[in-house]
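Student: Per Swiss-Prot, the features are:
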type	residues	note
TRANSMEM	23-43	transmembrane segment
TRANSMEM	109-129	transmembrane segment
TRANSMEM	137-157	transmembrane segment
TRANSMEM	172-192	transmembrane segment
TRANSMEM	208-228	transmembrane segment
BINDING	His272, His333	heme binding site
TRANSMEM	274-294	transmembrane segment
TRANSMEM	303-323	transmembrane segment
TRANSMEM	327-347	transmembrane segment
Amino acid sequence: MANGSVDMVVEAALQKQEKDRRLLRIWLRVVLFTLFCLVLVGGATRLTESGLSITEWKPIHGAIPPLSVAEWEEEFQLYKRIPQYQEINKGMSLDEFKTIFWWEWAHRLLARTIGLVFALPLAFFWLTGRVEKRLRLPLVGLLALGGFQGFVGWWMVSSGLVNRTDVSQYRLATHLTIACLIFAGCMWILRGLSHHSPDAADERTGRGFAALLTVLCLFQIYLGALVAGLNAGLSYNTWPLMDGSLVPGDLFLQQPWWINLFENPKTVQFVHRLGAYTLFAATLWHMVSMARALPGTPHARRAVLFFVLISVQAGLGITTLLMHVDIHVALAHQGMALILLGFSVAHWRGFIGEYPAPVAVEVRD
């Protein structure tokens, strides 16, 4: 094939790929927005202690809420059987029950919705040849992880139906972490489908540290889930001191000592604070190092924005403590955590660049 013909074929392939990638980017943005809403509603469900209001798992039939007085009463009677009602909410009225029911129902409905929002367009793009080969396994993997997340959600809820008045903090943290992994995976692919600046894309030090920041963000979210699961945000409501000191003296009361890291609310809050300080210092160092190594580049500018976002998140975290976990501030704190995770993934991916475009050899083959 003559070079001119090859160039025309390559140009046509590039135009088709860009059109396909534009559709995929729109779809992934919708997925990310829906995931963000799902996580926020899940946070509200936890903060309002509504997660145990629906005591059965009905993946299909459960999408329809109670429609009659008799159906509402049936749901209420099921709730009355569990320890949370018997030990905490005994005497709750039907109207009060409806309030917590709607939070959990909305969370489950959004979870079903995200499954459809992800699976149906993916099937369409796949069947119409719009999904590049390199993306097929990652996208199917994210879909499978989303399906698994549904089982994890019920596994979490079931932990609070017998012998407990709330869900296991371990299972709550697992549930949130998986949601964040799905969110991060979608962001990684979206960023890879987007145009990048070629400036210093192979700068290895910045790339490695950006990856570390992503891991730290995810770990901090995991710690935050433990805080939420144990109501540890109410352990110390002062800052920067805790019980009048930087390091309180009752952090390791339980035996063995390491169990305090997961089950002692005071220790869990302390570790979450340490994680926040570490992440703040790491992003500050990253901002300064990028300004020195790659001044004026998109990578350096993103590092500055990263530090600004971390500073806002730190302020929200402190405010959440001082306001004794006000639901609105706490939800803002959780939402900002997800925004930070997404930004950290996009920043990391920015050092790598977009997915390669087809070349003449590929087209000829």
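A Cβ is built for glycine as well, from the same backbone N, Cα and C atoms used for every other residue.
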Student: Which number gives the other C-beta atoms within 10 angstroms of the C-beta of His272 (heme binding site), all protein chains shown included?
Tutor: 19
Student: Is the transmembrane segment (208-228) packed against any residues at least 6 beyond its ends, judged by a Cβ distance under 8 Å, and which are they?
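Tutor: For the transmembrane segment (208-228), the far contacts come to 43, 46-47, 169, 172-173, 175-177, 180-181, 184, 262, 265, 268-269, 271-272, 275-276, 278-279, 282-283, 286, 289, 306, 333-334, 337-338, 340-341, 344-345, 347-348, 350-351.
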Student: Can at least 3 Cβ pairs under 8 A be found between the transmembrane segment (23-43) and the transmembrane segment (327-347), with each pair 6 or more apart in sequence?
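Tutor: When sequence-distant Cβ pairs are counted, the transmembrane segment (327-347) touches the transmembrane segment (23-43), since at least 3 lie under 8 Å.
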Student: Sequence-remote contacts (6 or more beyond its ends) of the transmembrane segment (327-347), Cβ cut-off under 8 Å?
Tutor: 32, 36, 39-40, 43-44, 47-48, 180, 183-184, 187-188, 190-191, 210, 213-214, 217-218, 220-221, 224, 233, 299, 302-303, 305-306, 309-310, 312-313, 316-317, 319-320
Student: Checking distant contacts: for the transmembrane segment (172-192), what same-chain residues at least six beyond its ends satisfy Cβ-Cβ under 8 A?
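Tutor: Contacts with the transmembrane segment (172-192): 24-25, 28-29, 31-32, 35-36, 38-39, 42, 46, 135, 138-139, 141-142, 145-146, 148-149, 152-153, 156, 214, 218, 221-222, 224-226, 228-229, 338, 341-342, 345-346, 349-350, 352, 354-355.
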Student: Does His333 (heme binding site) have same-chain partners at least 6 apart in sequence with Cβ under 8 Å from its own Cβ, and which are they?
Tutor: Gly224, Gln313, Leu316, Gly317, Thr319, Thr320
